[in-house]
Amino acid sequence: MVLKIKKLTQNAKIPAYQTKEAAGFDLHSIEDVVIKPGERKLIGTGLAFEIEFGYEVQIRPRSGLAFKHGITVLNTPGTIDSDYRGEIKVLLINLGDEPFEIKEGERIAQAVVAPVIQAKIEEVDELSDTQRGAGGFGSTGK
Ligand SMILES: O=c1ccn([C@H]2C[C@H](O)[C@@H](COP(=O)(O)OP(=O)(O)OP(=O)(O)O)O2)c(=O)[nH]1
Ligand SMILES: [Mg+2]
């Protein structure tokens, strides 16, 4: 699968898988940002993607930032559609107790390519019967 990446700004960094079998590649901030406790911020990467049809890119948190600083991706996994050509942005939230400082060039989140199955959506009047039926939300016990 080829992922085409275009730099939209001079200071954008083309991401790279950090190890041979890494599932995700890290995304870098193009901005200096401070996120106060409880605050959320949309952060630019300066990158645009052309994803092959049949795939998406998911934006996920970095576990180190989550564990050490309470920094996570609010909408995780963020969905990048294969037909999106705008700037890839990362929506971070600070769930920690201290302001979190991000410097331009730092890695703020990771991206994972995943296959997508687009369904043929069909409206019907009846659905088939099943043993579970409408039971959910703990219906089988704790
Ligand atoms: O973390 C994210 C999530 C989304 N996007 C971009 C790519 C995606 O293809 C587009 C739309 O995302 P989504 O469908 O999640 O947002 P929406 O609120 O439904 O907006 P839209 O009405 O544009 O679909 O925004 C990002 O850059 N970062
Ligand atoms: Mg949408």
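Using the three backbone atoms N, Cα and C, a Cβ is placed for every residue, glycine included.
Positions annotated as substrate binding site by TrEMBL: Arg62, Ser63, Gly64, Asn75, Thr79, Ile80, Asp81. Here TrEMBL flags 11-141 as domain 'dUTPase-like'.
Structural mapping of features recorded in TrEMBL.
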residue	record	Cβ within 10 Å
Arg62	substrate binding site	19
Ser63	substrate binding site	10
Gly64	substrate binding site	10
Asn75	substrate binding site	12
Thr79	substrate binding site	12
Ile80	substrate binding site	20
Asp81	substrate binding site	11
Largest CA-to-CA spread of substrate binders Arg62, Ser63, Gly64, Asn75, Thr79, Ile80, Asp81, angstrom: 27
Ile80 (substrate binding site) - helix vs strand vs coil (DSSP): strand
Confidence summary (mean pLDDT) of the domain 'dUTPase-like' (11-141): 98
Gly64 (substrate binding site) in three-state DSSP notation: helix
